[in-house]
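S.K.: Straight out of TrEMBL:
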TRANSMEM  25-46  transmembrane segment
DOMAIN    190-431  domain 'Wntless-like transmembrane'
TRANSMEM  197-220  transmembrane segment
TRANSMEM  232-251  transmembrane segment
TRANSMEM  257-282  transmembrane segment
TRANSMEM  302-321  transmembrane segment
TRANSMEM  341-365  transmembrane segment
TRANSMEM  377-398  transmembrane segment
TRANSMEM  410-429  transmembrane segment
Amino acid sequence: MVSTSADIGSPKIITNIDIISVRRLIIAGVLCFIALIIAIIVGATGPDVYESVSFNLYQCPDNSHIFTSNCSGQQLYPSSGPWSQYFDTISSLNKFWALQATPYSNNLTSFTSEQVTFLVTIYGNQGSVVKTQNSTQTVVCNTGFGQCNTFTLIDEEDLESISYSVDISIVSENSTIIGDIDFSVWRNSSSFSSFEIVTHLTLLIISAIAIIGFLIAMRSFSLINWAFEQKFLFALFFGILLSNNPFYGIQYATQGAFFPFLNAFFDVIFLSIFSLYSLMILDRIRLESKKVECDFSTISKVVIVVIFMVLGLILFSWINVRDRKDPIIGSATSESGIQALFYLVATVFICILLWILLLVITAFPVAYARQYLFAKYLFTATPIVVFVFSILIGIVAGTFGPLNPNSLSVMYFNVLNNVFVAIVAYSYWPNANPFHKGVIGSGEEQSLVYQDDEI
């Protein structure tokens, strides 16, 4: 005897995951894999984060650092004229520009360390003086004409002009430690900044269209009949729109800390929603639960995700704002405070990820014993596992989130976020005839599906 919907409850919306077949599972997996491979290829061939140009003081043949009559450059010592150089046009997409100097020993007979003061004058458009300052550096040199340590003479974040030139002089009296000098001008690559903006904007448009399509497909169904996963999907939709960041490009037009903070907030919100979704959904499969109860397990999930969200927001904001206010060339965790906080946040987040993987493992035997539940488990657990391992690799590589982003990490992780939400949306997309009393499962196990979820 078959029960009716009146006996059990209001009928459930039949979704793709309820009637998923192995063939459709494979097709969906292949499409997601192709999207990620394309992201890796595009990211790996993308622009470098920084661009630089080098100038040599002596300009001697064969890159010699011994000044002779064959050199076309100049020498720099306390009574000499300044070294002058004009730089290419700089835009807001470059974020900053910095001038580094790498001196060479002036035929020293012993290892020498000396305090040397440079007079640095920066000129802007039409030769107007932007800044004049003395910069005292500790110069450490080997014997002979060997290379000394590298130091930064100029670090400009407020790009007030579109073109710059500099004069560099040595004002320390009786300073003879420095011979030749390699000057390197560093700045954020405008191509990389454009790459980031286009990536965010493209994924924002695609995700917005997909979300609108899902809402249209669900428009005729009462929210009461929506499954728990479909309601949670709204949070993922909200998170992915924030992650794709409609305001991302505005940060290049301003010098403030608000938009870097907003970027951090959006990134952490999506990761928190993903973490809570994975913990809740996998636990429901493991327990074959039809209700969400406010018990210790649920509260503990929320608490640890909130802890990560707070600590992650502090870390990501610190990195983003520091990168905007005082960018450095190199590792984002080179400051001791950021490094300590990074280890703390990474520890908390790794604990969450390991908890998710534990639920994947413990839910497997339960789902495997229920043939109708196994396809749902595979379609739910597989993208979560791919996402988790991608994050772990990113954390280990130090190129996750705002940590030392490059073209590969920017493209891959942004596409990964969108692919994950897309596969969840496809899973809970309503079937063509969603309220028919269809049969789910395969083989001998079949059952009518009714809505029995409560939130």
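Keep in mind that glycine also has a Cβ here, set from the backbone N, Cα and C atoms.
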S.K.: Same-chain Cβ contacts of the transmembrane segment (377-398) under 8 Å, 6 or more residues past its ends?
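M.R.: Sequence-distant neighbours of the transmembrane segment (377-398): 17, 20, 25, 28-29, 32, 36, 274, 278, 281-282, 285, 331-333, 346, 349-350, 353, 356-357, 360, 363-364, 367-368, 404, 409, 412-413, 416, 419-420, 423-424, 427.
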S.K.: Take a look at 197-220, 302-321, 341-365, 410-429 and tell me which one has the most Cβ pairs under 8 Å to the transmembrane segment (25-46).
M.R.: 410-429
S.K.: Excluding the flanking five residues on each side, which residues at least 6 beyond the ends of the transmembrane segment (197-220) place their CB within less than 8 Å of a CB in that stretch?
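M.R.: Same-chain contacts beyond the ends: 13, 226, 230, 233, 237, 240-241, 244-246, 248-249, 252, 410-411, 414-415, 418, 421-422, 425, 429-430.
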S.K.: Under an 8 Å Cβ to Cβ limit, what residues of the same chain, 6 or more beyond the ends of the transmembrane segment (410-429), are close to it?
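M.R.: Cβ under 8 Å, 6 or more out: 15-17, 20, 28, 32, 35-36, 38-40, 42-43, 46, 195-196, 199-200, 203, 206-207, 210-211, 214, 217, 227, 229-230, 233, 236-237, 239-240, 243-244, 270, 274, 277, 379-380, 383-384, 386-387, 390, 394, 400-401.
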